[in-house]
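Colleague: For reference, TrEMBL lists these features for the protein:
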type: TRANSMEM; residues: A:12-35; note: transmembrane segment
type: TRANSMEM; residues: A:42-59; note: transmembrane segment
type: TRANSMEM; residues: A:65-83; note: transmembrane segment
type: TRANSMEM; residues: A:95-120; note: transmembrane segment
type: TRANSMEM; residues: A:140-160; note: transmembrane segment
type: TRANSMEM; residues: A:188-211; note: transmembrane segment
type: TRANSMEM; residues: A:223-251; note: transmembrane segment
type: TRANSMEM; residues: A:272-294; note: transmembrane segment
Amino acid sequence: MLLVVEQFLNGLQFGLLLFLLAAGLTLVFGIMDLVNLAHGSLYMMGAYFAATFVAWTGSFVLGGVMALGATLLLGIVLEFTALRHLYGRDHLDHVLATFGLILFFNEAVRLIWGPAGLALPLPSWLAFPVTILPGIQYPAYRLAIIVVALLVALLLYLGVMRTRIGMLIRAGASNREMIGALGINIKLLYTLVFGLGAALAGLAGLMQAPILTVQIGMGENILILAFVVIVIGGIGSIRGAFIAAIMIGLIDTMGRAFLPNLLRQVLNSASASTAAPALSSMLIYLLMAIVLVARPEGLFPANRR
Amino acid sequence: MKSFWLAGAAALLFSSSAFAGDTIKIGFVSTFSGPTAVIGNDMRNSFELALDHLGRKMDGKPVEVIYEDDQQKPDVGKQKTEKLVQSDKVDFIVGYIWSNVLLASLKTAVDSQTFLISANAGPSQLAGELCSPYVFSTSWQNDQTPAAMGLYMNQKGVKSVFLIGPNYAAGKDMLAGVKSTFKGQVVGEEYTVWPSQLDFSAELSKARASGAESIFVFYPGAAGVQFLNQYAQAGLKEKMPLYTAFTVDELSLPLQKDNALGVPGAQEWVNDLPNEQNKRFVADYRKKYTGLRPTYYGAQAYDAAQLVNSAVVAVKGDTSKKDAMKAEMEKANFKSLRGAFKFGNNHIPIQSFYLQDVVKDADGQLSLKTVATIVENDQDRFHDKCPMK
């Protein structure tokens, strides 16, 4: 039972991290109608910036905040110089151009930081386990990720639902041409949304950095999951991304944790432990397939809200 | 398929020049892109250093090396092997970090009777039923290193262990290797998705809940850094001591930092082995590639170059004499960096394994140090299944 609680937390933490990545992706896709494969590169840049700035300043929090600002800036510059020219074009053009950006960022990182990757060690006030319930110890840093991500989700919700900019963003997601016709500076809005998305990806990257290593191509695997999240959640919907991300995080972790034992009931031990990881990584895509058949628009389609 | 025919056509066109045999052609398949490219680079660096030491000639003939990137993918590795065999007509193929890549590429090399020298991967199939007169290893069979770790755990009086490893050919061999020698209880066994899974929280939670006394893992490359990070963050370092194979090396150590202190590993080569050729190798490597340190991957690639050289010298550069080259290589007649060793009937080294520990060296940098010899003249446990005698 205690193990279930612990694995639930693991799943929640992974899901929230996916949410941070997917939120930016879904906003950019939903509002600007831009397929941004380079979103994973922004996640990687967030991690590289954090590792560099933390080493520079010696403070984890200060370095993190600086990295966040740097990724925001990078996102804005990227939108201004490259992506702006892609609006209104075919999705295939987006894929081609942003795939090129992935290669560009990977090579740029190799040139600047070298091929070996970086380490971002945790400060001692985060690198210890906390007893959250009698018998359950949980890494403090993973708890911190859960708290920060929940806070960001709340702020994002309030920002999108309660502020004027949020209203414009929602309007943009429902009908792009119309808000342009109403005299809203759509270009500025796009730049802003893209910057926000980049900062969220950067936040995900820098928070993940101490758990994983900071390395070239780190954003590519997780980007696929982020796309699965926005397809399940409904493109353009923050709420959908939130719920879908947590679903995926829990399914993935719970599957990995408990599927081997379930399979051992029917198969012999060796083939069960081999089949379980493969099967549990399939569960997510199975869910996506079911959602696509039952509700092709996703669980919470943005323009039907 | 189309590229296959093109490769075939190209091979026909160029075969006349390849036949002349005025150069020794070596194909080198390893990973040169993606997160594990650092391993491939280390192997290439060491192989180049070996060629430097040989004067870049083998029996007076210039050596041409064609490096191919397998991208850590079995299908790509197989394609690159086909290209080297069919279109480049190489005399030897060297390299292979990953067991699954090697297993996919093996048939191409064996069918074409091209000598393949694995400088790292050692899947159990290769030592057993898939052994071939054309395949040699300058590394080990996968099970040997973790089996040595299992012996060490017995010495330490470890009563129970929880095993974690990646779900591919080598991961299965590694966990089987520990189980073959460890006398205590194996409480649980977990496989993770390879190479995409980087978060081991679910597995660490299970290990903790299992009540096992210790953990054994096999995570090569960056995954080893991630595992050690998460293991330390979960506060397990004080509670469940970690035993490893191929998880802490000179490439991962700068990223693992203090997390690696006190984590024992088993290895057939450590940078401080006291033989002359090894001293020269380590010193020249650090001189040629400033800021880098050689790893066991590199040492094995260096040995592979020396093994190839011994064969070429024995036939006076006539690489069409395959039987004579095979007979020469079976003698392991070269100065290996790990010290002298013999080949078993399956062309896998019979060799010693050492206990290595992480210490701060004279420069204040973390480095690996030989602590003890765990087992001497160890032969893999699959050689009986190999039909070669």
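Backbone N, Cα and C define each Cβ position, glycine as well.
Structural setting of the listed features?
Modeller: For the transmembrane segment (A:42-59), the list of distant contacts is 21, 24, 66-68, 70-71, 74-75, 78, 105, 109, 113, 118-120, 197-198, 201-206, 208-209, 214, 216-219, 222-223: same-chain residues at least six beyond its ends, Cβ to Cβ under 8 Å.
Taking Cβ pairs closer than 8 Å, the transmembrane segment (A:95-120) reaches residues 35-38, 40-41, 44-45, 47-48, 50-52, 54, 78, 82-83, 86, 206, 209-210, 213-217, 220 in its own chain, all 6 or more past its ends.
Remote same-chain partners of the transmembrane segment (A:140-160), defined as residues 6 or more beyond its termini with a Cβ less than 8 Å from a stretch Cβ, comprise 9-10, 12-13, 16-17, 19-20, 23, 122, 126-130, 132, 166, 169-170, 200, 203, 207, 210-211, 238-239, 242.
Remote same-chain residues near the transmembrane segment (A:188-211) are listed as 17-18, 20-21, 23-25, 27-28, 31-32, 36, 39-40, 42-47, 49-51, 64, 67-68, 70-76, 78-80, 83-84, 87, 120-122, 126, 141-142, 145, 148-149, 152, 165, 168-169, 172, 218-219 (criterion: CB distance under 8 Å, separation of at least six residues from the stretch ends).
Sequence-distant contacts of the transmembrane segment (A:272-294), counting only residues of its own chain at least 6 positions beyond either end whose CB sits under 8 Å from a CB of the stretch, comprise 225, 228, 231-232, 247-248, 251-252, 255-256, 259-260, 263-264, 266.
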Colleague: Cβ under 8 Å to the transmembrane segment (A:223-251), counting only same-chain residues 6 or more beyond its ends: which ones?
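Modeller: Here the qualifying positions are 8, 11-19, 21-23, 25-27, 29-31, 37, 39-40, 43, 153, 156-157, 160, 173, 283-285, 287-288, 291-292, 297-303, 305.
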